[in-house]
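Copied over from Swiss-Prot, here are the features:
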REGION    1-62  region 'Disordered'
COMPBIAS  1-12  compositional bias 'Pro residues'
MOD_RES   ARG34  asymmetric dimethylarginine
MOD_RES   ARG34  omega-N-methylarginine
MOD_RES   SER50  phosphoserine
DOMAIN    65-165  domain 'Glutaredoxin'
BINDING   167-196  FAD binding site
DISULFID  CYS212-CYS217  disulfide bond
MOD_RES   LYS388  N6-succinyllysine
ACT_SITE  HIS625  active site, proton acceptor
Amino acid sequence: MEKPPSPPPPPRAQTSPGLGKVGVLPNRRLGAVRGGLMSSPPGRRARLASPGTSRPSSEAREELRRRLRDLIEGNRVMIFSKSYCPHSTRVKELFSSLGVVYNILELDQVDDGASVQEVLTEISNQKTVPNIFVNKVHVGGCDRTFQAHQNGLLQKLLQDDSAHDYDLIIIGGGSGGLSCAKEAANLGKKVMVLDFVVPSPQGTTWGLGGTCVNVGCIPKKLMHQAALLGHALQDAKKYGWEYNQQVKHNWEAMTEAIQSHIGSLNWGYRVTLREKGVTYVNSFGEFVDLHKIKATNKKGQETFYTASKFVIATGERPRYLGIQGDKEYCITSDDLFSLPYCPGCTLVVGASYVGLECAGFLAGLGLDVTVMVRSVLLRGFDQEMAEKVGSYLEQQGVKFQRKFTPILVQQLEKGLPGKLKVVAKSTEGPETVEGIYNTVLLAIGRDSCTRKIGLEKIGVKINEKNGKIPVNDVEQTNVPHVYAIGDILDGKPELTPVAIQAGKLLARRLFGVSLEKCDYINIPTTVFTPLEYGCCGLSEEKAIEMYKKENLEVYHTLFWPLEWTVAGRDNNTCYAKIICNKFDNERVVGFHLLGPNAGEITQGFAAAMKCGLTKQLLDDTIGIHPTCGEVFTTLEITKSSGLDITQKGCUG
């Protein structure tokens with residue numbers, strides 16, 4: 001940013017070359033000025049539309065739009081104003097006091113000014129003047145410009161980044177990276193996204209969109225749905241549906257349909273980036289200097305790019321055991337969702353949410369499934385809820401082998417699937433066990449993709465224990481122009497919606513007129529096991545750690561969904577509880593639900609928790625009957641009372 005001149009020079013007019021490029025606008029009030037207001041001499045008059053028309057044709061309108069964008073993109077500060085407007089005068093005086101060169105177009109002194117303002121409104125979504133753009137970013141009107149000046153955002157926008165190829169380069173084309181890229185492009189910035197999928201040890205790769213779209217949330221939820229449909233077919237007979245044909249599942253048909261949908265999403269992302277003017281490069285990004293990055297494509301060809309700012313959004317990949325046969329014969333979630341053959345008898349190693357979700361839908365599709373657990377289920381989640389999830393999985397036929405970890409995977413037979421022998425050792429002693437499986441699925445955690453992108457060359461610090469990147473409350477690393485979002489952040493939730501929100505807000509802070517930060521508190525999530533587990537806020541263990549047990553009240557109950565009654569599904573399996581801070585008006589600090597459609601139910605309660613939900617507010621809420629969600633409006637029994645919470649029927 002240029003320093004304000006002292007004393008300010010007298011006003012002087014400079015004719016801007018920008019209008020000459022536009023051509024359709026008379027050069028009456030467009031000029032460049034430093035340190036004072038400007039009154040440029042009138043220039044050649046040209047009409048916006050053909051003589052005799054009151055409104056430009058569609059072709060002329062598009063031409064006008066293009067030329068207005070040329071003005072916005074070609075000038076550091078572009079002010080659309082009216083000569084008699086006092087608010088416009090205030091803005092001009094502000095930039096003059098800052099010693100900043102600005103360009104103006106007085107809409108009351110151009111031919112067809114109303115049409116110009118109409119198209120400008122479509123571009124900026126602002127009907128009034130002054131209408132200010134700084135470095136291609138729409139700042140807004142007078143009040144927003146002064147607000148941006150007061151909070152420092154205007155000075156940030158005025159920084160000249162023209163020395164670099166791009167305003168922003170994002171490494172990683174997942175949910176967070178794409179969200180950040182699209183928002184930055186919306187703010188008028190020149191953006192590049194680098195995305196490259198290193199094939200899994202089994203050779204699996206995928207398109208643009210990251211883990212969630214390709215090998216995570218989307219295919220996982222669709223396979224979960226496939227399993228639920230199978231269960232619904234069993235219930236259907238109790239509801240009077242008759243069918244004689246034997247029902248069986250076709251794995252190949254399911255994966256083909258799911259991959260077709262994912263392919264459409266990949267293409268949609270590429271189209272969206274193109275429409276927004278974001279450069280997408282399918283290459284591996286690696287820092288070589290503070291503002292310089294090397295992009296290597298699959299052919300090994302290298303290209304170098306520079307940017308003013310960088311966002312690291314590289315995500316994570318599944319971890320391997322580091323034992324004989326793991327990478328040769330085991331698969332991970334990277335491979336499962338596009339597996340071209342039915343996995344058959346499957347051993348799932350690990351009891352993370354990924355492991356239990358996969359075990360759940362595989363069992364729901366009729367497969368023989370065993371889960372090998374080293375320690376606890378769903379580490380980091382409420383452990384009472386985790387054990388209930390495990391119990392329901394066992395009811396659905398999933399077998400658990402606890403306190404064991406594999407030490408060898410050996411191929412006995414080749415095939416699709418083949419046959420594998422797994423040798424596992426007890427975590428509590430010398431005991432070993434063996435098992436024969438068609439497929440071994442590893443779900444033991446994920447590693448951040450941060451160690452091979454040249455961070456050490458520019459001094460970005462990482463947590464050496466887990467590869468994650470420490471950032472401040474605005475996602476900034478220890479290197480000021482380098483930021484990070486998503487699963488690679490140290491100590492932050494590894495959830496797609498979190499990355500999307502963080503990416504969008506980061507772009508707005510970097511290039512817009514917003515100071516809003518991502519709220520990492522009270523984030524809802526759902527584990528999509530056959531009986532879904534939704535939660536928001538603190539686990540019971542974490543709440544006790546933070547508030548002490550004597551300061552908490554836990555309300556809970558079992559319940560029986562109406563839909564389960566006719567089908568004869570087990571009563572007293574679904575469970576709901578809230579954890580309340582007794583000394584903060586019984587504010588709800590933890591929300592937990594095990595039941596059908598838990599994700600859909602939890603979403604709404606998460607919004608309520610952000611607004612300070614209390615037990616009294618729940619009591620005052622009239623429930624929708626008959627639904628599962630209404631159970632939270634009638635909670636009466638506390639854990640401390642020790643009273644029985646079993647239910648006799650669906651209505652309590």
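Start at 1 and count along the chain as shown; that gives each residue its number.
Glycine residues also receive a Cβ, built from the backbone N, Cα and C atoms like all the rest.
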CB neighbours within 10 A of VAL191 (FAD binding site), counting all protein chains shown, number 29
By a 10 Å Cβ neighbour count, the lowest-scoring of the recorded positions ILE171, LEU187, CYS212, CYS217 is CYS217
Ordered by sequence, the long-range same-chain Cβ contacts of SER175 (FAD binding site) under 8 Å (at least 6 apart) are GLY209, GLY210, CYS212, VAL213, GLY486, THR496, ALA499, ILE500, GLY503
One residue among the recorded positions LYS388, HIS625 has the fewest other C-beta atoms within 10 A of its C-beta, namely HIS625
A correct count of other C-beta atoms within 10 Å of the C-beta of SER179 (FAD binding site) gives 25
Nearest by Cα to CYS217 (disulfide bond), of the recorded positions ILE171, SER179, LEU187, VAL191, HIS625, is SER179
ASP195 (FAD binding site), Cβ-centred 10 Å count of other Cβ atoms over all protein chains shown, is 24
Quick note, the residue listed as 'active site, proton acceptor' and VAL191 (FAD binding site): C-alpha atoms separated, nearest Å, by 50
Its residues classified by DSSP, the domain 'Glutaredoxin' (65-165) shows 53 helix, 18 strand, 30 coil
Here the Cα-Cα span from LYS388 (N6-succinyllysine) to LEU187 (FAD binding site), rounded to a whole number of angstrom, reaches 47
Across every protein chain in view, the count of C-beta atoms other than its own within 10 A of the C-beta of ASP167 (FAD binding site) is 23
